[in-house]
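S.K.: Below, the features straight out of TrEMBL:
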type	residues	note
TRANSMEM	92-114	transmembrane segment
TRANSMEM	135-154	transmembrane segment
TRANSMEM	166-185	transmembrane segment
TRANSMEM	197-220	transmembrane segment
TRANSMEM	256-275	transmembrane segment
TRANSMEM	287-304	transmembrane segment
Amino acid sequence: MSFTITVRAGPARLASRVSQLAKSSTGPSVAIRAFHKSTPKNTFFTSQTTLALRSNTKTSSGLLSRLQGASRSYNYNYQGATMDPAVRRGAILRKLIVGGAIFGTTLVGINVVFNRETREDGGMPLYERKYLNQTFMHTGLGVGIIGLSAYQMIQSGFVYRLMATNPWVFGIVGLGLSFGTMIATRSIDPDNYIPKYAMWTAFNATQAAFVAPMMAFVPAAILGRAGLYTVAMMGGISFVGATAKQEKYLYLGGPLLAGAAIVAVSGLAPLVLPATAVRTLAFTEGMWLYGGLAVFGGFTLYDVQKVLHHARLAERGAFKADPVNESISLELDFLNIWIRMVQVLMMQQRRK
């Protein structure tokens, strides 16, 4: 019995020659010369992996180009992160200047369009300015309490316990506590400082419980941008309301209340409409977002003029000055505008 032993090249050696054999198109002699060249040092890939990569050259080249683009983006971001501090400060300063210019231009444009009839009494009197400043101070303090309370709820795990409960129970109980604390705060005499501010703090805590779940999952950068946009929007509208003719926008109370009802109903539409009504749901979502921005922007204008009206009544002794009660309306305006700003920014980020 005789045996014939044939020595052939292994799979790894054949795989390393596939690219050279594929390039040869001038005849068998070129293929033979390429086959008898020295073996390359890199034999890391197996034959199956190499053949699979060679059979998908278009896919791999596209992937390579994407990887190269990602590498260039990473290098750009890395260089931006290791930028000279002076250059970074200059870039931040330019952004602040551009943002300030945009805000100033918007403010002037809003004032020109909506505030053609200015005050006729030679400017804001001292008692109106003082009362308005006290109201804005309490508004900023209330928003700060809401933000700190929401952050503490997130850190303590209270938000996750809230989300684990029944949403209907949370909504009904939360709304009940919100309305109850707001009515109690408004009903307490402003001379009773301790119960007044205690109930006001409880009201702000209930508002924090509503916004804390959103703050737990939205990036901090988007929350900050939405806050800046909200401050800019409310600042411009408040300037118009403060410098406009006396009681010029107080007639907006009824139409704005009707608009708020429509916005509230559009926000509840997903609970009633079926999921197949895509166009109707998209319309109600746009109404809730952008219609809500318009309505609560109008409420800001109305509330600022109402504060000035109450200041004039308090000066004559017909109304008891209470900046805490005045700040509640502006806080609600701020929260409603801010929540919608966050949602708009999140939608833009998902589209990217």
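Every residue, even glycine, has its Cβ placed from backbone N, Cα and C.
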S.K.: Which residues of the same chain, at least 6 past either end of the transmembrane segment (166-185), have a Cβ under 8 Å from a Cβ in it?
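M.R.: 196, 199-200, 202-203, 206-207, 209-210, 324-325, 328.
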S.K.: For the transmembrane segment (197-220) and the transmembrane segment (256-275), check the count of CB pairs under 8 Å (sequence separation 6 or more) and say whether it reaches 3 or more.
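M.R.: They are not in contact.
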S.K.: Within the same chain, where does the transmembrane segment (287-304) have neighbours whose Cβ lies under 8 angstroms from its own Cβ atoms, ignoring anything closer than 6 residues to its ends? I mean 6 or more beyond.
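M.R.: For the transmembrane segment (287-304), the list is 132, 233-234, 237-238, 240-242, 249-250, 252-253, 255-256, 259-260, 262-263, 266-267, 326, 329-330, 333, 336-337, 340-341, 343-344.
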S.K.: Which sequence-distant residues neighbour the transmembrane segment (256-275)? Criterion: at least 6 residues beyond either end, Cβ under 8 Å.
M.R.: 281, 284-285, 287-288, 291-292, 294-296, 298-299, 302
